[in-house]
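Here's the structure, in structure tokens; my notes come after.
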């Protein structure tokens, strides 16, 4: 018979056994890379010893996780994927499965047989359903472009290494007056080995109010949790108003007026100091001209007088000489 058909038939029989047992499986949750407790919940009302019992756990594919045969662990029947990953607590009748992987999720059975000389008798069965979770990292916002004209910004929000697949990823924009949620198309990728998810969204977020500062959050929603990113703050630059010349004129005009007044004052003082000197010089020149004219007049008047006197002297000297010599012309 085809091995795949055989495995499929085994799984069907195992599920049917769960259904026919009449007991709902105990739901267990554990986290990736941690430890899950698979209880057997055996009351042992007859106080039977482990040396009389055969206890083992198997998964939904009938692969044996652990077997305690008459009080001793038996590894011959343990599947390789569980080898070295289990430990049995005889006090609580619990099997611990370590280093959990996503693929460990599913149905498990704890089965106990009582070994008698006549054969094995099943005395207990416990069904468990294991869910394996992995917490996503805190969402992170990364801008992929600068703010464009205070109108919008392109950004990416991402979260990694989580399981199961999240329900929703969005961006929340808060301003002073409003709160807006932007939904994006979630991009998913799953690791082939760990089966963990990485998710992200890329959005162009427009600003509803360009006059106020804003805060952006990234939100990741799973079945159990709601993760919030650290706040991403945006401080918009205030639009520059047109240049106002009135304050400039108001500041400069008094200075100009003061400078003009000082200049006029200096000029007035300079003229005031210069004016007496000019009048003095003018008076001096006038006096000098008058004295010169008077001198000239005097010279005109005085020169003939001196000529008459000279003529008289000359005549007198001539007469006297004529008298002495008695010869005159």
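Yeah, the Cβs are placed from backbone N, Cα and C, and that goes for glycine too.
Sequence annotations record features per position, and here Swiss-Prot assigns domain 'Ig-like V-type' to 33-131.
Other Cβ atoms within 10 Å of the Cβ of residue 33 (N-linked glycosylation site), summed over all protein chains shown, number 12. Residues or ranges marked as N-linked glycosylation site by Swiss-Prot on the basis of sequence analysis: 33 (among others).
Within 10 Å of the Cβ of residue 47 (N-linked glycosylation site) there are 5 other Cβ atoms, across all protein chains. Look at Swiss-Prot and you will find 47 (among others) tagged as N-linked glycosylation site, backed by sequence analysis.
All chains included, 15 other C-beta atoms sit within 10 angstroms of the C-beta of residue 135 (N-linked glycosylation site). Here Swiss-Prot flags 135 (among others) as N-linked glycosylation site.
Sequence-distant contacts of residue 146 (N-linked glycosylation site), defined by Cβ-Cβ distance under 8 angstroms and a gap of at least six in the same chain, are 153. According to its DSSP assignment, residue 146 (N-linked glycosylation site) is coil. Per Swiss-Prot, the feature N-linked glycosylation site maps to 146 (among others).
In sequence order, 143, 144, 145, 202, 203, 204, 205 make up the list of same-chain residues 6 or more apart from residue 154 (N-linked glycosylation site) whose Cβ falls under 8 Å from its Cβ. Per Swiss-Prot, N-linked glycosylation site is recorded for 154 (among others), and the stated evidence type is sequence analysis.
Annotation comment: Swiss-Prot describes 177 (among others) as N-linked glycosylation site, evidence class sequence analysis. Every protein chain considered, the tally of other Cβ atoms within 10 Å of the Cβ of residue 177 (N-linked glycosylation site) stands at 9. Secondary structure from DSSP puts residue 177 (N-linked glycosylation site) in coil.
Under the heading N-linked glycosylation site, Swiss-Prot lists 192 (among others). Under DSSP, residue 192 (N-linked glycosylation site) is assigned to coil, being neither helix nor strand in the three-state scheme. Shown in sequence order, the list is empty: the chain has no residue 6+ apart in sequence with a C-beta less than 8 angstroms from the C-beta of residue 192 (N-linked glycosylation site).
When secondary structure is read from DSSP and collapsed to three states, residue 213 (N-linked glycosylation site) falls in the coil class. If you look up Swiss-Prot, you'll see 213 (among others) marked as N-linked glycosylation site, on the strength of sequence analysis.
Annotation source Swiss-Prot lists signal peptide at 1-23, citing sequence analysis.
Per Swiss-Prot, topological domain 'Extracellular' is recorded for 24-247.
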Euclidean distance between Cα atoms of residue 213 (N-linked glycosylation site) and residue 177 (N-linked glycosylation site), Å: 10
Residue 135 (N-linked glycosylation site) and residue 213 (N-linked glycosylation site), Cα-Cα, nearest whole angstrom: 32
Whole-number Å value for how far residue 135 (N-linked glycosylation site) lies from residue 33 (N-linked glycosylation site) (Cα to Cα): 11
